[in-house]
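Marked as domain 'Myosin N-terminal SH3-like' by TrEMBL: 4-56. If you look up TrEMBL, you'll see 65-759 marked as domain 'Myosin motor'. Among the features that TrEMBL reports, ATP binding site is placed at 159, 160, 161, 162, 163, 164, 165, 166. Residues or ranges marked as region 'Disordered' in TrEMBL: 594-627. As annotated by TrEMBL, compositional bias 'Polar residues' applies to 596-609. Marked as region 'Actin-binding' by TrEMBL: 639-661. As annotated by TrEMBL, coiled coil applies to 911-1094, 1151-1227, 1316-1357. Feature annotation from TrEMBL assigns domain 'Dilute' to 1506-1782.
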């Protein structure tokens, strides 16, 4: 492919391995440099390799990134694989990815919620390519292929340490255990899973790479029977790392079991082990990290012990294991002291060694000796040689490793024994958990064995891949061309062939003086320069290099020989074999280790040593040879055995990848990932796939995807030919593709090329659409602008015209204005001149007139002056006279003013006194205010008076001054009046003083008045402010009260709503729990029945040609006991089942209140009635014989009549005595009335005494009467009945033991105390008793009136009908009376006993009357009672009067089985039942129950109801998978239940009845308990109905709701080229949404046809829609290819169709739509915008029905189908998580598709009248008669 501009490529990078870049210009052949633009923004010149000139790898389109299968990528190469894994792991949080047949699992280092049972159920039964990659998908594929192909399977799990191999294998095993179950009750799957904690504790340890690293390989075979259920398992282990027992690196631990022991050392049973902290032991403290964060070793120890117990390892063996492990720890603490360079010793009584010897049961001295010495054997003699301290330490460690390895093997063997099954194994699935390819800085023997095993596994993997490829090509008839691939057979030959590395190693181990150096030289001599895969390092002579399939590995030869021999001293083993501890020698019984008596460990402590866990056993004769087997030889043999096993199975591969070395969650290290991908063969698979035709499409998928590249004329009816024609035009090179039978095969890159063409075509189409739309929009805009412009022009031109017209008008107006203005100016000028002339004339004339006027005026004024002077002189004289008169008046007025002043002073003083008297009286504020006003008025008056005085004074002063001046001028005239002046001055001085004093007093009064006024105003203002504050406070309080009331109301309403919701939830939860218990019980019952049938078949082999039919009554008695437990909420032990041959019909009395009341007395009464009925029939048959008898025993008849009368009188007497007793108790008396000696107490005791005496007498009389009846009985005895006296006698005879007698005496004392307390209570309740007696008297009166009415009616009837009515009435009355008195005397056994005696009397009298009434009237007088009893009489036909039908059906007891058979067992809903009235079987059964109730026959009622319930269960068990059958009987069961309620007689159920229906109510029995049983049965039928419809709908849902394109052309097929595996199940056809709607219509029509209650139909529809929504959403959450925008549109359209169906059926209020809300929100989530924070807020508010985990999962899975869509960014998903972090919802990812809503059965009365029901002849119920 030529690289053009803007093409995206991958270039190598030393840090990120591969970097993405974009070409800046086209590449031309011959260019040596490419100009690239990196993603980080830099430009780069990339130099091509001058030799190869290979171009960089091209990037896949973004739409292909993140695919489920790596082989689906168009460009298959290392950077594409690495990028796809990184995007899935980091961005989408997906840890699983397919790579062809390999599942790549990346360790997330975090617990993910993707392994729950709901996920297992979701993957169960699904095809591998249909769901997202998962370990469960691989396990399901293996399980289905095992069942389909009848071939064993293997799951090979490999990877580095810490990559998650063990966890993956564990989940695969858990999947098998969950989906298959076990074939027995031993729970084998639990045992298989229980082996994990045991093996992890003894085989796993903490390393620097993994906290729970498996230090051994294991292959577990899980066995299955013919029904593919787990029956057992077997485990094989490989290369246990023994060296970890004695050495751990820094930050590592020993095996978990040692730390678990140390953590549990304080347990009592571990005291003998003498353990302590792990830091106290040499073998557990070397790593310096004894604790794993988050792991409790003590709890893990408990889990380990529980697992051992579950696997059958006894407590003694467990303690033996712990002793050995503790001994190993103590052995590690044994220290040695050097004596010289070649010898050492152990200190005497060395405590660690003593403990070791005590635990192991060996001799201390002997073990001490052989730890420091060794035995050397030569050809002639044997001698003992001491060893150095280093050699002794190595020998001690070798012994510890050897013991641990043997213990490991022993535990594995015991686990295998526990998992072994006696049942023959039909097939198995193997799970191989083995180490991956390893390369370290220093690689030794362990890495050599591991890489050798991986070479073998890689070879097997390559062969399997080519086999599958070849099968696929041959299936599609594609020419098969051999692909060149890396064949690692030369590498395997280098290792295992003759003279290979292992052979040379074994040969060197046999040499006496063989060393690692000599072995290395042999390797160089044999393989160097002869084998291309073998190399020698340049700087070393003790190492070699092997070219493995994954990489070159350099191995250090040092330690190879010692690890291969794995020696331990024989003498130490012998000491252990001689142990007194029995378990220890068992470990060494089959010891096949190479025990070297001639050599010891010389290389010191080895870092790693792995040994096979299960060595091959040989014959005793080969023991010497077997002892010489090396570790390499054993490993090669076990590896060959493993490869044979794998080659015989179908393998499935899981490659575990470790994303980083620091255990950081969801952190991806590209370098480490590439190393592991190369090492595990994933890239090799990619290379093989890329070499052929990796992309494969079906013709329909290709046509759907690339229809846009075709023209209309290219589309033919034949899709295959259409695709061929188009491809020939699109891809000219025919080698780039091949046409198969059903698929098109493309070479690498061709799908990307087609996608480019498709994108270009779509882009061109988009451009054309955009161009057209933009042109249309712009033209539309132009037309709008043109129209607007024309409109504007029109308005502008009109405006201009109007302006011009206005101008013209203004011009004309201006001319007119000018004309008039000019005229006005001229006229005004003329007027001014004329006015000026007139003014001048007027002024001149005025001047002349004024001069003349002044002259006249001057003369006139002179006259006036003369007149005035003369008048003044006259007035002056007059004034002097008047002044004297006024002076006299002033003196008088002064005197009067003084008097008035005194009055004012008195009034002022009275005001002050009044003020003092009334200071502080706040309650007279208004009066004071009024008085202040009056004083103000007085004050004003005074002020006016003073003002007048001042005015008078001033005037007088002025007059005096004028007089003084006049007197001074005329002293002569004043001398006469001098005295008078002096007196006047004195008066003036006094007046001045008085005026000053008055002013001062006035001022004081004013100040006082002002102060008082201010104080009053202040007080008033304070009161007003206080009043205002009080008003405000009042308003605030009122507002607060209103607010609080409102808040309290709202709070109460909220609480009420919340509590109502909570109560509803609790009620639903309780209903759900109860119904789940019923479901579980039903399942257990079916299992019990199946097991019972199997046992019956095993014990009783039927005869050939004859097979018994199960009885319709064969029900499980425990069912009803279970129902009763639920109904009554108490524990009732279930009854022991009897053998099926002796089993009787189930007694349902445990549920019936009536049966609780009926005691042994009623059973005896029933027996006696049956006996008397038989005697009556016998009398009727022998009537003819009686007529022939000559003698009549009238005396006996008279005796019996007298006896009857006497008994009746005695009964009346007893009633009278009872009334007297009640009266005595009802009398009001003192508190001592009930004390001993009181009247009431004495009356009670007398009555009790008389009753007891009378009891004895009447007992004898009853026995006499009974003896007369018993003497005539036949040989048949009563059925298990006895009298109370017999019971009491037997009880007394049984109480022979003194203890029982003492208990009886204590019981009698307690009875006496109880009687005394009852007497006390009688005193307290005497008033209630009186009221009750009055009510009883009233009821007796009513009863008397009713009896009289009945008597009057009976007298009008004929004799026969009269007898029948009397008998029926008497029976009813006695039954009611019996129940009444039984409840009344329940606490008083003596009264109850007397009542029973009276009842016997009445029975005898009644039956005697019947016998006499049956005879003709003429013979009744002549027949004695003895004759009636002894002689049978001839039967007489008694004609009956015709009656109206009463809505009852009568059948004979022997016809009950026929009724049940025809009406239930053989009734088919599709046959006869289609044309019936809905619920007709229920109506018929109820009418039969009514008749049994009418007859008061409880046995018949019980038998009929029991048979009905059992028969319905039998029908449902037989045809329980038929929807119509289950729906039919659910409808009829509910109708039967409603009938029992409607006609129960309870007021709550009779509201909607007609008067005729109320007459049909049950009269004798209360069947409330049966209603509970029927309700439980209806719940079970409903749950079975839900299961049936779920099984029918489930195959349709995913295909119809998700996969099928309801809106054609919207979504299209994504170009994944998914390499799906062969489908595990045959294609059953494609379901569509129409299929689902048709099925829903079928369900609805069937339920409506059967007359199911509308509310129940709504609940069924709600459950169906929940199942559809849950399954659809679960599949959406597990399928990445379904999470796209177009799929969201499809889902919403499908949901709208379902809603339309609900509307059509008028079921929108059923709650079904709400169950689809999670699915609707998920579809909306796929379609909404997912970029900004506002989008995140909208999503959080919209998706309230989805959990946080579901929202994040959908966003992670969102996949663009076209290039125009965008992926959801990681930052946006984190924003969503942050916003939803406070939401409290379930962490569960999937919805519970098995959830069943609790069902209720609302009461639905029927308007159908029972008497109108007709029974069709097709039912075959002719033996039933209408009553």
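The chain as shown is numbered from 1 upward.
Any Cβ shown, glycine's included, is placed from N, Cα and C.
Close to residue 163 (ATP binding site) in the fold, though at least 6 residues off in sequence, lie 105, 107, 436, 656, 657, 658, 676, each with a CB less than 8 Å from its CB.
Within 8 Å of the centroid of the Cβ atoms of 159, 160, 161, 162, 163, 164, 165, 166, where the record puts ATP, the same chain has further Cβ atoms from 107, 210, 213, 214, 436, 656, 658. Sequence-distant contacts (6 or more apart, same chain, Cβ under 8 Å) of residue 164 (ATP binding site) comprise 105, 107, 656, 658. Around residue 162 (ATP binding site), a 10 Å sphere centred on its CB holds 21 further CB atoms from the protein chains shown. Least packed by the Cβ count within 10 Å, out of the binding-site residues 161, 166, is 161. Long-range neighbours of residue 165 (ATP binding site) (same chain, six or more residues apart, CB within less than 8 Å of its CB): 157, 158, 159, 214, 433, 434, 435, 436, 656. Listed in sequence order, 209, 435, 436, 438, 656, 658, 676 are the same-chain residues at least 6 apart in sequence whose CB falls under 8 Å from the CB of residue 160 (ATP binding site). Counting every protein chain shown, the number of other Cβ atoms lying within 10 Å of the Cβ of residue 159 (ATP binding site) is 27.
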